[in-house]
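If you check TrEMBL, you get these features:
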| type | residues | note |
| --- | --- | --- |
| BINDING | B:H269, B:H273, B:E299 | Zn(2+) binding site |
| ACT_SITE | B:E270 | active site, proton donor/acceptor |
There are 2 protein chains.
Amino acid sequence: MTEYDANKLKEFRSFLKKIKSYEEAVGLMYWDLRTGAPKKGVEMRSEVIGVLSGEAFRLSTSEQMADYLDYFSEPGRLAELGSIDQRIVTESKKDYERSKKIPPEKYEAYVVLTSQAESVWEEAKEAGDWDMFKPYLEKVVEVNLEFIELWGYEGHKYNTLLDMYEPGMTVEKLDQVFGALREKAVPLLSALQSSPDQPDTSFMHQQFDKEKQRQFSLFILGQMGYDFNAGRLDETVHPFATGLNPGDVRITTRFLPDDVNSALFGTIHEGGHALYEQNISTELNGTPLSTGTSMGIHESQSRFWENMIGRSKEFWSRYYGDLQKNYPGQFDDVSVEQFYRATNQVQPSLIRIEADELTYNLHIMVRYEIEKALFSGAAKVADLPELWNAKYKEYLGVEPANNGEGVLQDVHWSSGAFGYFPSYALGNIYAAQFMNTMKKELPNLDKLIAEGNLLPIKEWLTEKVYRHGKALNPGEIMLQVTGEELNPDYLVQYLEQKYKEIYRL
Amino acid sequence: MTEYDANKLKEFRSFLKKIKSYEEAVGLMYWDLRTGAPKKGVEMRSEVIGVLSGEAFRLSTSEQMADYLDYFSEPGRLAELGSIDQRIVTESKKDYERSKKIPPEKYEAYVVLTSQAESVWEEAKEAGDWDMFKPYLEKVVEVNLEFIELWGYEGHKYNTLLDMYEPGMTVEKLDQVFGALREKAVPLLSALQSSPDQPDTSFMHQQFDKEKQRQFSLFILGQMGYDFNAGRLDETVHPFATGLNPGDVRITTRFLPDDVNSALFGTIHEGGHALYEQNISTELNGTPLSTGTSMGIHESQSRFWENMIGRSKEFWSRYYGDLQKNYPGQFDDVSVEQFYRATNQVQPSLIRIEADELTYNLHIMVRYEIEKALFSGAAKVADLPELWNAKYKEYLGVEPANNGEGVLQDVHWSSGAFGYFPSYALGNIYAAQFMNTMKKELPNLDKLIAEGNLLPIKEWLTEKVYRHGKALNPGEIMLQVTGEELNPDYLVQYLEQKYKEIYRL
């Protein structure tokens, strides 16, 4: 046992809070850029963001950080720390080591490269011009391979990238989990497609007043327990949620004039992310643990609220009357059953972000297989369009007419975010596991939803997931809450049960 | 002649840009706090502001800053610098020395004191309770006296405070200028009050739709040449303008449901501040010179646009039709002459912020006389209520019923902003001087306004005032633009001519 210096711990905490302060300021500047900052100020604002992010990075990789980490990582001392401080030290050390292994000039060059790649991608996507983007993507992949060598890896090289978004995730686990899911999802999809009883969705595409859409979005957020004293709803082209601190978690949505779904489910989705961030324990304020624990767990919350609550029969049995009142005359001839079925239409499409709950996972698997192949060396960037189209055919039965709606559709690769995509499908899997446990622990769950009594659900999730922030890692949370590791069976059961009923199979 | 190291100049510029970056981030956070940040995030956000402001202050007073200033202040080297860099060095040195003369622990204690004094003031004002606020104000004045000793002073101690807001301003000048103005303003006021022909203002107080008020505010801002690609209009309880950088200058206004004036002239006022900041030369970007040169010159621009343009006969001859159309049916029975007279009603009141163009100056002089007396020792804080009431009686002919609408009405003293008030009246004086010169250089000025051709006015002010930012000080600007120093005669002439006509004397 080695006693630690309590003052030194205080100093370390305040040092970490300083880093977090820079990050919070940068977060607000990004929010502002996306919600209405005047365009002529953007250039200077980007420089300001650069200065503050650079300062946060400099502190994170400083001698001072190294000293604190050396001191507190000493096993005897680490053991003496409280569990939160222990986790702070190990998380900070992990980040520190990852950052330190990349020489600063290499990292700076990479930032320039990805920023160029992103603008080229935008143009290339618009024009459907793969050849324009290809050399940039080749370079981005090449640099990522270099980084993997510097960071080190166990097993598959891609594991190192997966771990950045989902700590502990590996190709070995994902192959098994995605394989099991795909094995059931692909036949389910073709069964649904061949059902003679397809939902009618025509009434979803009327003209919907924007202010009314906003009112209904605000109403549903309130029902979910989103705290408007700790957040706000704005409008952007691409909806997002951003947790600046647990008292300031903002969401945005998009109001399409001729589609009632987009704002409605987009808002619930971002609201799910926001509930997570708003309910992180204040004990973790100002520490690196005051954030969601992984992209996958975060996504499990947005998808839990969007799909498992927001697209459930019970939810609409309670809220359909409110929706009808909100759009007078527009849903008079639509029954709640028709509306519920329409919100759950399954249809293979080319575009990930428009995909339904079932096919979404298949879109992700296409990308996962490609990323895996890129980093094992089984595929080259040049092979991607062909690979993409073949996988879409295989998993979803559709083929893009051009690369703009194919291999060029997502921004992620241009920014070097390899390993991110699996989080989306992991979110669906985790969400179904949470739902399965919640049903046991809140035995009247269906009734609660049907009564619009959603707060016990938020409280359960707060207790089990939200409050822990990053103090527990995804594997620990799953084990602690559900008693199991990642397991795709619950999602498969959920999808089969729900969709066979909807499609009357 | 001593050659300077060009690389060192580059480094210094980038060091200054870093400070400016922190300030810009802090500016955005303040804007956000006032325009809709969720209240539960305020506590953490305040800490973030504290960290970034503290960092900016630390850099401004660092050894590194001292080294740069020592190096470039060396007379031979200074003379070799371009005029902008020379001014950057002298301005930075002035700030550095002012900051360094206060021991950090004294400064920190003062920040705590004024923050307490501000909250006590808020409560005391609400309750009209002078005794509650008095001990805090005594302490604030005492610390300011200590600071003056540390900073040093020439002539009157109050000069050191005046110089912070209006470089070069002194009690000697203000006594003369305010004296000359008061000598004419007080009799003019009583003449106007005794006129049998008082304007009717009843039609200003109907119910005005908020969205329509917003539309008209946006329209007028566009007419003034406010660049919406370099700014935005939001709504706050207390209107303000904030220049984050010349490409991002935001304004806010307040829409009162039963008063068409408040948003209209409030918007033009803030729009005037904003035109100044939007049109600072981009050459000064990222330097400490990229801001208005003084509070007085800044206020001259808001008041020039609000009063000399926005409350002119020519302006309403052009825009009254638009206003009538904007509020259908609400001004059918009001002639443009009636409307014009109503916008220029003169009425002594107790409250500064509601004062008209003529009496405003008298409200300022009350405060100026009191501040002067406090710092010469001629008055004690305990004397203030009595002094205040006597001066209001003398200058404006009115007396407050309680201290809430009297000596407690403004926030400035609680925050220690002594020396600030004179800027408001200086703004009026400067504005009249600019108008006098502009009339000579744009001989068809009345016609331009009457045609709604306001851009040449903005361009003239940009050329003469705006683009220089802080690269010229107020005295230099006045001399360069008008050929004269501060001179109250033009304001006197303007007020006499305008108001005698309006009041048919």
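Note: Cβ is positioned from N, Cα and C throughout, glycine not excepted.
Automatic prediction, not curation, is the source of TrEMBL annotations.
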Across all chains shown, how many C-beta atoms besides its own are within 10 angstroms of the C-beta of B:H273 (Zn(2+) binding site)?
-> 24
Intrachain C-beta neighbours of the residue listed as 'active site, proton donor/acceptor', sequence separation six or more, cut-off 8 angstroms | B:P239, B:F240, B:A241, B:I251, B:T252, B:T253, B:S302
How many other Cβ atoms are found within 10 Å of the Cβ atom of B:E299 (Zn(2+) binding site), counting all protein chains shown?
-> 26
Quick note, B:H269 (Zn(2+) binding site): same-chain residues at least 6 apart with CB under 8 Å of its CB -> B:P239, B:S302, B:R303, B:W305, B:E306
Taking the recorded Zn(2+) site as B:H269, B:H273, B:E299, identify the other residues of that chain whose CB atom sits within 8 Å of the mean position of the site's CB atoms, giving them in sequence order.
-> B:A241, B:E270, B:G272, B:H298, B:Q301, B:S302, B:R303, B:W305, B:E306, B:G427
